[in-house]
Amino acid sequence: MTATAQRQRPIDTTGAGQRAQQAELHPELNRAHVRFINLGKTYHGKQGPVEALGNIDLAVQHGEIFGIIGRSGAGKSSLIRTINRLEQPSNGRVLIDQVDIGEFDEDKLVELRRRIGMIFQHFNLMSAKNVWQNVELPLKVAGVPREQRARKVAQLLELVGLQDKHKAYPAQLSGGQKQRVGIARALVHDPAILLCDEATSALDPETTQSILGLLREINQRLGLTIVLITHEMAVIRDICHRVVVLEQGRIVEQGPVWQVFGDPQHEVSKTLLAPLQTGLPKEWAERLSDQPQRPDAALLLDVHFTGVSAEGPDLAALFTALGGKVELLQGGVERIQDRAIGHLILSVAGSPHSRDELLARARTLAPRAEVLGYVG
C-alpha cells in the first residue's frame with residue numbers, strides 16, 4: 001500500500017521564523033503532517049480527575065492512512081479530536097505542518113476545521129434534506145457562491161458514486177450510501193486531513209469493504225492524510241499503513257501494520273488481535289500435555305512468520321528441517337502491505353531430533369516459534 005506524493009495546501013497561520021525554530025528543535029517535524037508532543041488530557045468529574053491521555057508522542061506522516069486502536073476507554077476518541085481541537089489538551093502540543101494549533105484564536109480554528117474533514121459512525125445527515133443539499137450545506141454556510149457550490153457538489157457526488165442519488169433523502173439510502181454522503185460532505189472544503197471515527201462500525205462486512213475501497217481511492221487520488229479509529233482490527237489490516245495501540249491513555253505499541261499485526265509485542269496488542277489469529281483446534285487442545293505420554297507422541301509447534309518475502313515462507317525448507325512426519329493442523333499465510341504474514345500450528349511426529357533441537361531448527365526459519373506441548 002503506497003500513499004501518493006500529491007499534497008493539499010498546508011495549513012499555515014504562523015510566521016516562518018517560528019516554524020524554523022520548531023523544525024530545529026524537532027527535525028522530524030519536517031516530515032510529519034500531524035505531530036503530538038507530550039500530549040495529555042485530563043477530565044474533571046464529581047469523583048475527581050480522570051486522565052484520558054498521557055505522554056502521547058506521535059507523528060503522522062503526509063499522505064498516510066494511520067490507524068488508532070485500543071480497548072474501550074483507551075483514549076482513542078480523545079486523541080483524534082485534539083487534531084481539530086474539538087478536544088482541548090490539558091498539556092502538551094499538537095502541531096500541523098509544524099504549526100502549534102494550541103495558539104490559534106477562534107478565527108484560525110474555524111479555518112483549521114475547514115481544512116480537516118471528519119466522518120462518524122452514525123452519518124449525522126439531515127433527514128429533511130436530500131443528498132445534494134446535505135453535501136452542499138457546509139458550502140452554503142461558508143458563503144460560497146451558488147455556481148461554485150454546484151460544481152463542487154457534482155464533483156464530490158461523482159467521486160463517491162452517488163451522482164444518480166442526488167435527489168434521494170437519507171431514509172431512502174442504505175447505510176453504505178449514507179456514509180458516502182458523509183464522506184462527500186467531509187470533503188467539500190478540500191481538506192488536507194480526514195478523520196474517521198468508527199466510520200464503518202455500523203456497516204455490514206460487504207459495505208465496509210466498499211467504504212474502505214473508497215477511502216483508499218480518496219487517499220491515493222487526493223493525497224489526503226487519513227487518521228482513523230476503529231474497534232475492527234480487520235479494517236486496520238486492510239487499509240492502514242501504520243498503527244498505534246493505546247491502553248489507559250498511553251501508547252503501548254506502534255509501527256507498520258504488517259509488523260504489529262504479524263508479531264505483536266504488548267499483551268494489549270495480542271488481545272486485540274486475537275480474533276484474527278488461528279488457534280489450536282479444540283480436539284487437539286483437550287489432548288495436550290507437557291510431556292509425551294507415548295514414544296510416538298507428536299510435538300506441537302506454534303510458528304509465526306512476519307514480513308518475509310512476497311512469495312511467502314519456505315514451508316518445504318521448514319518441514320525438511322524438522323524431519324519426521326509434519327502435519328499442518330491450523331493456520332495460513334496472508335499478505336499485509338505486500339509482506340507475507342504466517343501463523344502455523346504444526347504437529348511433528350517421529351522426528352530424530354529432540355524437543356530443544358526441533359525448536360532451534362524452527363527458529364532458524366521463522367522469527368517466532370514456541371512449543372505448545374505433546375499429543376499422545
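Note: Cβ is positioned from N, Cα and C throughout, glycine not excepted.
Annotated features in Swiss-Prot:
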BINDING   G70, R71, S72, G73, A74, G75, K76, S77  ATP binding site
DOMAIN    34-273  domain 'ABC transporter'
REGION    1-25  region 'Disordered'
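The binding-site residues under consideration are G70, G73, G75. Their Cβ neighbour counts within 10 Å are lowest for G73. In the three-state DSSP assignment, the secondary structure recorded for S72 (ATP binding site) is coil.
Compute the center of the Cβ atoms of G70, R71, S72, G73, A74, G75, K76, S77, which mark the site for ATP; besides them, the chain residues with Cβ within 8 Å of that center are L246. Around R71 (ATP binding site), the same-chain residues six or more apart in sequence whose CB sits under 8 Å from its CB are E247, V268, T271, L272, listed in sequence order. Comparing the binding-site residues S72, S77 on other C-beta atoms within 10 angstroms of each C-beta gives the minimum for S72. Long-range neighbours of K76 (ATP binding site) (same chain, six or more residues apart, CB within less than 8 Å of its CB): I68, I69, G70, I229, L246.
For A74 (ATP binding site), applying a Cβ distance below 8 Å and a minimum sequence separation of six or more within one chain yields L246, E247, Q248, G249. Across the domain 'ABC transporter' (34-273), the prediction's mean pLDDT works out to 93. S77 (ATP binding site) carries a helical DSSP state (H, G or I).
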